[in-house]
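What follows is a single structure, written as structure tokens, with notes after it.
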Amino acid sequence: MEKPPLLDGEDGSVLAESQSDVALVSADEEGSAGAHGQEDDRPAWDSKLQYVLAQVGFSVGLGNVWRFPYLCHQNGGGAFMLLYVMLLLIIGVPLFFMELAAGQSIRQGSIGVWKHISPRLAGIGYSSCMVCFFVALYYNVIIAWSLFYMGNSFQYPLPWEQCPVDMISNQTVKECAASSPTSYFWFRKALDISDSIDQSGEFNPILTGCLLAAWAIVCLAMIKGIKSSAKVMYFSSVFPYAVLICFLIRGLMLDGAIEGIKYMFYPKLEIWGEVQVWRQAATQVFFALGLGYGSVIAYSSYNPVHNNCHRDAIMVSGINFMTSVLASLVVFVVLGFRAKNIALNCVATLLCSPKLHLDRVKTGVEGTGLAFIAFTEAMALFPASPFWSTLFFLMLLNLGLSTMFGTMQGILTPLMDNFRVLGRHKTMLTVCSCILGFFIGLLFTQRSGNYFVTMFDDYSATLPLIIVVVFETVSVAWIYGADRFLDDVEVMLRWRPPVVYRYLWKYVCLLGMVGLLAASLLRMVFKRPTYTAWNHTTGSETSLEYPGWALVMLSTLIIVASLPVPVGYLLSFLRGGPSLPVEEGEVQPPRERYSKYNSSEPEPNNHHSPLDEDRNRPRSTFLHLGAEHYVLLPQQEDGEEEEEEDTGL
């Protein structure tokens, strides 16, 4: 429900006399139950550095290491980077700033924020929570894979350096001989993968144990909310940068590194004429910043109201992009070294040319395969390979955990803020959520589990998140009003953001997100969904179409995650009247009325009219101001004509 500027008279509350930035406390029956009457007790970041590390840790994830480099060299190298930067500036930063400002002002999770800004679109927050839950389920599996590989890195030689020998025939295992030692270790030893999604098979006991350990780490780190997870962030957010720099320095000393960097930055501007490249660049901007998850809103809700969130938006976006470039440099340096070794071996046998293999190797690996196949193969050629392997997978572990903390915060914060019972039992909610996540996550530890990870990654988040951000933009720019939003941000920041944001939110961002949604839907409709399967007979990957039941499953994921938005609007519309839904038989308690006060006379509000023309009822903005600006007005008797007062909110 909408977070009102007035305190419930039923509780006999008075305005807090605190000198803090936030002086008014929400008191809805459900909409702010978790924070009812205790806004001063809301957790807060110990320092600005802690908050920045948390936001950077969430936005900088595994996609920066393997998704961005893949898109970069597949789509024109330097040309793709220029396109990415342009879309980041005109779409990514404005939407990121919008989420930061909303969360910081209202000091609620995603559910409370969107109930407050546009009560009839309150389902936006619930959709964000559903998407976060789906993402958390499979994301922790990737962390489990990293734990497995890190555990296997403490031996020399590394177990994926050579193909195993069949004890019966005393020959190299055929599956490994047909592929490579690293591919065999990944598909057979780590995943023990089946040939298709139809062949489920038994659970992988080792990966199940790793998944349990991953959920235990997440639970222990978050059991005390941001107070415990923020301390972990000091290491998990900074450590990956140290590892990437070490890898870059070491990689530049390798033969073939310069060729890899040249391949990365060489611009192919003709690629801009392809719609697919624009779609992939926009999607990467969208997911790199974590838009729509609710985690950005949750983290910013623990900030002081007057924190400069505009500067934070630009800073975090810039750090995110530079991290992607740094990771790409490391990837291309290492893969250049790998390609050069393969090319030289090939030339030595007089079978092929160096250039042919250099191009093929660089463009042949994507996603998890880049980390668990290509990188492991290259690191096996490093001197002191176990050290570099341990360092690399420890980096992946920290990248995954920092993003996982933000994803879980996008689930827990809205629930605790909006449901009183859950807000009173934060520890129990965290533990139960992790236990539930582990048991559902067992789906991904069976032999066909990797195919389900691919399904969740491709379909459970992409379309629902785009839909969520489209409605977020509509809510702020058109329903609440972009000018009105900027007025509130001006009071919050004590300076007015550039007017260009008004046009970016209302037109550029909205049209861009609608175009991305349309492109994604058309691609899904006209191209039957497929997945990459491993054929153990040929020792190679092949593309297969999803069976009918799998199509139903992925469609269900999309529908379940997107459904809260239309359902919430429909319920609000059917109830009619006020935007705040009232349950049958429930009577809304009267509220104390406050007016802005000056020592001589009431101060007029120059920002907004208190009347919401769309619903013909008093409505305030969402910004909370200092308590010293308000005085309590006497309650009016029933039947007495109410006088319109400007609340100044």
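Any Cβ shown, glycine's included, is placed from N, Cα and C.
Automatic prediction, not curation, is the source of TrEMBL annotations.
Note that this is a predicted model, so its numbers are computed, not measured.
Under the heading Na(+) 1 binding site, TrEMBL lists Gly57, Val60, Asn64, Leu399.
In the shown protein chains, 24 other C-beta atoms lie within 10 A of the C-beta of Asn320 (Na(+) 2 binding site). For Asn320, the entry in TrEMBL reads Na(+) 2 binding site.
Annotated compositional bias 'Basic and acidic residues' per TrEMBL: 604-617, in sequence order.
Marked as compositional bias 'Acidic residues' by TrEMBL: 637-649.
Among the features that TrEMBL reports, region 'Disordered' is placed at 582-649.
Look at TrEMBL and you will find 81-102 (among others) tagged as transmembrane segment.
The annotation transmembrane segment is assigned in TrEMBL to 123-148 (among others).
According to TrEMBL, the transmembrane segment annotation covers 206-226 (among others). Within the chain carrying the transmembrane segment (206-226), a Cβ under 8 angstroms from the stretch's Cβ atoms is held by residues 43, 45, 54, 140-141, 143-145, 147-148, 151, 190-191, 232, 299, 302, 401, 404-405, 408-409, 412, 426-427, 430-431, 434-435, 437-438, 441-442, 444-445, 449, all 6 or more beyond its ends.
Using a Cβ-Cβ cut-off under 8 Å and counting only residues 6 or more beyond its ends in the same chain, the transmembrane segment (238-261) has close neighbours at 53, 60, 323, 326-327, 329-330, 332-341, 358, 362, 382, 388, 391-392, 394-395, 398-399. TrEMBL lists 238-261 (among others) with the feature transmembrane segment.
The annotation transmembrane segment is assigned in TrEMBL to 281-302 (among others).
TrEMBL lists 314-335 (among others) with the feature transmembrane segment.
If you look up TrEMBL, you'll see 387-406 (among others) marked as transmembrane segment.
Marked as transmembrane segment by TrEMBL: 427-445 (among others).
Same-chain neighbours of the transmembrane segment (465-482): 95, 98-99, 102, 114, 117-118, 121, 124, 127-128, 131, 286-287, 291-293, 501-502, 505-506, 509-510, 513-514, 516-517, 520, 562, 565, 614, counting only residues six or more beyond its ends whose CB sits under 8 Å from a CB of the stretch. For 465-482 (among others), the entry in TrEMBL reads transmembrane segment.
Summarising the annotation, TrEMBL assigns transmembrane segment to 503-526 (among others). Within its own chain, the transmembrane segment (503-526) has Cβ neighbours under 8 Å at 87, 90-91, 94-95, 98, 275, 279, 282-283, 286, 462-463, 466-467, 469-470, 473-474, 476-478, 482, 485, counting only residues six or more beyond its boundaries.
Among the features that TrEMBL reports, transmembrane segment is placed at 546-571 (among others).
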Of the binding-site residues Gly57, Val60, Asn64, Leu399, which one sits closest to Asn320 (Na(+) 2 binding site) when you measure Cα to Cα?
Val60
Per the definition of 3+ C-beta pairs under 8 A with sequence separation of 6 or more, do the transmembrane segment (387-406) and the transmembrane segment (123-148) touch?
yes
So are the transmembrane segment (123-148) and the transmembrane segment (281-302) touching or not, going by 3+ C-beta pairs under 8 A with a sequence gap of 6 or more?
yes
Ordered by sequence, the long-range same-chain Cβ contacts of Asn64 (Na(+) 1 binding site) under 8 Å (at least 6 apart) are Ala288, Asn320, Thr323, Ser324, Ala327, Leu399
Feature contact check the transmembrane segment (314-335) with the transmembrane segment (81-102), CB under 8 Å, 3 or more pairs
yes
Within 8 Å of the Cβ centroid of the Na(+) 1 site residues Gly57, Val60, Asn64, Leu399, which other residues of the same chain have their Cβ?
Val56, Phe58, Ser59, Gly61, Leu62, Val65, Ser237, Pro240, Thr323, Ser402, Thr403
